[in-house]
Amino acid sequence: MANELSKPFEKSALSEEDLYKMNKEKKVQITSFAFMIFLTFLAFIAVATEMVAPAFAVPFILVLAGMQFFLQMFYFMHLKDKGHEWANTFIIAGVVLSTPALIALTFLLGMTKY
Amino acid sequence: MADHVDMTKGLPSNPEKATLEGRNKFLGFWIFLSGETIMFATFFGAFLGLREGTAGGPTAEELFQLPLVFIMTMLLLTSSLTSVLAMYAMKRNNFKAMMIWMSTTVLLGLAFLGLEIYEFVEYVHHGLGYTTSAFGSSFYTLVGLHGAHVVFGLAWISTLLIRYAKSGITLTNAPKFYVASLYWHFIDVVWVFIFTVVYLMGIGGA
Amino acid sequence: MADYSAIIKEKKDKSVLMDWLTTVDHKKLGVMYLIAGTLFFLKAGLMAVFMRIQLMFPESNFLDGQTYNEFITMHGTIMLFLAATPLLFAFMNYIIPLQIGARDVAFPFVNALGFWIFFFGGLLLSVSWFFGGAPDAGWTAYVPLSAGDYGHLGMDFYVIGLQISGIGTLISAINFIVTIVNMRAPGMTMMRMPLFCWTSLVTSLLIVFAFTPLAAGLALLMLDRLFGAQFFSPDSGGNAVLWQHIFWIFGHPEVYILVLPAFGIISEVIPAFSRKRLFGYTAMVFATLIIAFLGFMVWVHHMFTVGIGPVTNSVFAIATMAIGIPTGIKIFNWLFTMWGGKLTFNTAMLCASSFVPTFVLGGVTGVMLSMVPVDYLYHDTYFVVAHFHYIIVGGIVLGLLAGLYYWYPKMFGHHLNEKLGMLMFWMFYIGFHMTFFVQHILGLIGMPRRVYTYLEGQGMDTMNLISSIGAFLMSAGIIVLVINIVYSALKSERVVVSDPWDARTLEWSTPTPIPEYNFAQVPQVRSLDPLFYEKIHGDGKMKPAEPLSDIHMPNGSILPFIIGIGMFVWGFGMIMLNMENAIITPYAVIIPGFLLTFGSMLVRSIKEDHGYHITVEELKKLEKEVS
Ligand code: HEM
Ligand SMILES: [Cu+2]
């Protein structure tokens, strides 16, 4: 039993159908990678060329970052897949609880009184 | 308690979660990452709170160069993709492909790290030392912490690559590789916010 | 794979010391947490007594101001991080796997690692006494008092000692969460879990989300002190309020980290001795979750007087008051559990039931404090000291005592003496109210906290005297407890039955003493309060969920201990960076410590260790010995 855990396998248990699904999934991943690159381009261009008004640029690139966060987490890290319910719970809790802390540290340092 | 896995059918489709040990590792690591999220949030918050505090020293706009950051971003994003591909190879029991993709990840990470070191040296030359201003301290701390994560990730993945260079994919090392790749993605996620919040907002931000 | 008899032989060959240093058994680690926590508790308690002697009379010279400052800092820090947390962890470690029907925690190795890292971190903090004095900036370590310009070497011990022990606490918390999520016995759904497991789960989550900001904050302070970073110096663009925010983002959840497991213990003890199921189980679970969530949204109530602004203060005041609602739900549920029950007032139940009114008092003063305008009056007076001691002593410590008396027979195979227990309870309880009740009034008439003396004739003399006498009475109560532990170990009858209290949950279905593997066959859970259900609907024994089969066990390891030492050495080397006349260069200490730490981790990750198996035949033999 124990040494079985350290033994490699002759073959894979994947069926044809599994393989088909997996290849499809892989294509989705590569597409999402292309999309991430695109988002990154947009963000850099928005700032570098000053095409977007500076007041609008910040929220714009933050939204882009949010989208990338989503893609990385749900596609690359598979949060969208089955069996990730608890993982989702914890990450969402982490993000939700980070928010007030981030806001406070950014704005509530007593420089401006809110 | 370690569940009995039927070995004859071949490598299960989710080898990282085939054993209880694997499932525990998987969940434990996600919890760790959620803790890291809020820890990084704290460092980001500190940076955002202090980024105006340049105390007469160099400012973000004077220092940062977008092309360099762009290249670093591309390197890290690509390394994220290669580690995804490595995990697909793992599921297909394609050991060789997994090792190649993982090694590519390490190489890309090394390149990123090299550029980061170069960047820091440049900034120091331009007068932004660690103790120059609150902006300097919080910049180096936040980006440096990310860099330290990269270093740790590289050391970790390299250890795995060397340790299991000839072993094939087993039910013991599959969870290890999987978790390491999760860690690597997380580093990338953090970088997305660093290039947005630190660099882009530093240059173009109000 | 080694077989069991060989392992047993190897174990016998190991000395007792090696056995405990290398253990990864959650029960032994629970006992180790209990011992370590108790030692730290006694140490910090002694400091409290010294402080009360100093404050017994006006303008007394028993302690000088500097020593007094070091005492308040160490008392608070140790009590929260190194006494209360490990004592709660002791019960969590010991009881959670038993209550969910598991053979061990999810990561036995990490469990041991967490203990040793916590322990050596605490030790590092404690050795500060020998290097020019303990930290002295209060447990909150506000900058600039704690930063490079003012804080002396003691603060380095604070920053790095807490950082290390915090890492231990954090990884243990992750371990608890995974254990509870992944290791439950068949049929033990989330909503059938005993409330103690629920509150432990939520506490562990809070640790994951609160100790990480603390780690960040401590890192900032360390960088400030050791490497000249400018986070907190306004001259260089830094900001002192930043530290307060980070500290309290951690600090308020921390108080719930401590009190929630105590809630859990109370929710186990009260039903057991009321002979009734817990009233409003579901409401209790959701109240716990809501408290945890709100616990993260209220930290600015510690900073009302900083001057962040009226809107912020109002928002956080309202959020703070809102916590009273779920807390109230809990209070009523405990009362309704007792209502109409067949009550047995032994020591455990006395502690548990008296927890309720004392905790209410602490909650009421908390809501008083949350009103911003009046908090300008209360803030930093003894009123606040009274508030949090009503919650920490009247809540957490009473909860711990209840848990101790309740689970003692399962953990050590004999009861604690009831007569001595009663004596302890009354001395402690009366002493507690004497000490802290008058402190409310002292605060209201203006006695500031953290000041080492006061003037005569300001109406504070009598009340301070009463408070000090109460503190002595309370300590005498603790001494009675220590006597009780020794006395009972020698004189008390052995408990041989598995269920001495006729209780309701799974831990009482295991034989006493508990075999290493807890359950020969994992039990099938059919209801909330599974053991009670079997007593009513079955034959009083848990039904097995699996046939008798080989049991997989983890191997012990010395690596956690070595990693603990490695971190201690490494941390000490870091502190040496600030020492003025260190004998050797700090790097000669830092590097070995670093190598020891990461080297051991490397060994651990390279060597695959699959543990061993207890075969069915051996299991049958062992089971016969037990029954
Ligand atoms: C209904 C629940 C509670 C409310 C509304 C409440 C409210 C408050 C407020 C407003 C303060 C700040 C007072 C000041 O410094 O002016 C405070 C301080 C404190 N509270 Fe509570 N609290 C509650 C529960 C708890 C619990 C459960 C604990 C511990 C387990 C606790 C421990 C503390 C501590 C340690 C401090 C003082 C920290 C320091 O300044 O050193 N509180 N509380
Ligand atoms: Cu609070």
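Glycine too: its Cβ is placed from the backbone N, Cα and C atoms.
Curation plays no part in TrEMBL annotations; they are all automatic predictions.
What TrEMBL lists as domain 'Cytochrome oxidase subunit I profile' is C:20-526. The feature transmembrane segment is assigned by TrEMBL to C:71-96, C:108-131, C:157-183, C:195-222, C:242-266, C:278-302, C:314-336, C:348-368, C:388-408, C:420-445, C:558-577, C:583-603 (among others).
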Tertiary contacts of the transmembrane segment (C:388-408) (same chain, 6+ residues out, Cβ under 8 Å): 79, 84, 87-88, 91, 94-95, 255, 258-259, 261-263, 265-266, 268-269, 272, 346-349, 351-352, 354-355, 358-359, 361-363, 365-366, 414-416, 421, 424-425, 428, 432, 435-436, 439, 481, 501, 507
Recorded stretch that, among C:278-302, C:314-336, C:420-445, has the most CB pairs under 8 Å to the transmembrane segment (C:348-368): C:314-336
For the transmembrane segment (C:195-222): best-contacting stretch of C:71-96, C:314-336, C:420-445, C:558-577, by Cβ pairs under 8 Å: C:71-96
Stretch contact, the transmembrane segment (C:558-577) with the transmembrane segment (C:242-266), Cβ-Cβ under 8 Å, 3+ pairs: no
